[in-house]
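Everything below concerns the one structure shown next.
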Amino acid sequence: MAPHSADTAGLVPSDELRLRTSNSKGPEQEQTLKKYTLEDVSRHNTPADCWLVIWGKVYDVTSWIPNHPGGSLIHVKAGQDSTQLFDSYHPLYVRKMLAKYCIGELVPSAGDDKFKKATLEYADAENEDFYLVVKQRVESYFKSNKINPQIHPHMILKSLFILGGYFASYYLAFFWSSSVLVSLFFALWMGFFAAEVGVSIQHDGNHGSYTKWRGFGYIMGASLDLVGASSFMWRQQHVVGHHSFTNVDNYDPDIRVKDPDVRRVATTQPRQWYHAYQHIYLAVLYGTLALKSIFLDDFLAYFTGSIGPVKVAKMTPLEFNIFFQGKLLYAFYMFVLPSVYGVHSGGTFLALYVASQLITGWMLAFLFQVAHVVDDVAFPTPEGGKVKGGWAAMQVATTTDFSPRSWFWGHVSGGLNNQIEHHLFPGVCHVHYPAIQPIVEKTCKEFDVPYVAYPTFWTALRAHFAHLKKVGLTEFRLDG
């Protein structure tokens, strides 16, 4: 749909923009392209042999991996369709660089069914007018202001404050005072700072939006391992699954459910009688999110090789070491040291630890759930592996903001109050989101793309629990 506003000054016309950004080859080259199936591509799934599918073409990017500015993100979906991740992480001009790595085109085959949960086709994949325009506008903002979107000076100060607060509260909770109430006070702060590591440090680090220096960004991403959870598994679930297939049932691992399950977030999912009360008991169970991730989910993903519909990629030796050594380091400083040098009995220590993890779990659950599990968002139902709507427009339709221009919530939530902007531009440091938010909202209005922003966090949280109550009472429907 064309914009219904005449305010397009400085924009490249859509047709010209397509020509300038298209990665397609000429007619003679098209005829020489080899044909590959998804099964063929899936065999090339390591950093040493990395093929990607982007807009139906097959690319061998193995030689580019050592020079890739985004570091390991280039092979996070090695051997799979990476269309959505490629486009959301790269400026438009990078499309032109793809041609040199093109080795063929994707063709359907009888064996495609086993890869269907890793591939989803959106309308207007390469030439979605809304996305081309909003990307051009946001890129122009950063270029005209001479700003690197991956960098913001506040991030270093913020990270030092969070990590310092985490370890200070850890010490004060377990080693400083024998008073249970004093220790509980600091244990709760430890839980708060652990959540802040999750939303403010590792989130940007694992999205490649913390810094332009690859090694440093990777280290900041591994801060999640420092607080007990796995950065590798987080990238698989969040970057590979959630960002590619937001709110699409049976594709997005963030809304996955078993049958039966304690939670139901869409009417296309199985309903049990107790879902009528999920808006009550989930308020409590959300607190177990961090504990579940640390002690159960990460290991299940490793040993089963999947996170819901997402097939877990092969670990590199470095990723393997970070995964297991991170778990051992966490167990050592969190359990061994307090048991040897701490001032509390085993039972008191365990109670303090669980209390801290409940705070972490509630913070993470509430901040993420209000963005995608409310009545005002869409839960797309694909037909034949296709979604009716462009990928970018569907990112907006499946996501909400809250307090989008709040300095306080921008920092406390790690930019999750600007989830729409984050889903469109995951490679941008979250501190920049308030600046580009008006650009995104304005463009959405011009293209009739629904843009939902709750005025406060509490409004968004109430909307989430109202949705849980409504869905818990609604009968199963195939059409959502």
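Placed from the backbone N, Cα and C atoms, the Cβ positions cover glycine too.
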If you look at how Swiss-Prot annotates this chain, which of 144-148, 379-383, 419-423 comes out as motif 'Histidine box-3'? 419-423
Tertiary contacts of the transmembrane segment (280-300) (same chain, 6+ residues out, Cβ under 8 Å): 191, 194-195, 228-230, 233, 262-263, 274, 307, 323, 327, 330, 354, 357-362, 364-366, 369, 465, 468
Return the average pLDDT for the motif 'Histidine box-1' (203-207) as a whole number. 97
Under 8 angstroms, Cβ to Cβ: which one of 151-171, 173-193, 322-342 has the largest number of such pairs with the transmembrane segment (348-368)? 173-193
Determine the Cβ neighbour count for His68 (heme binding site): the number of other Cβ atoms within 10 Å of its Cβ. 16
Near the transmembrane segment (151-171), which same-chain residues lie under 8 Å Cβ to Cβ, leaving out any that are not at least 6 residues past its ends? 186-187, 189-190, 192-194, 196-197, 200-201, 204, 210-212, 220, 223, 227, 333-334, 411, 429, 431-432
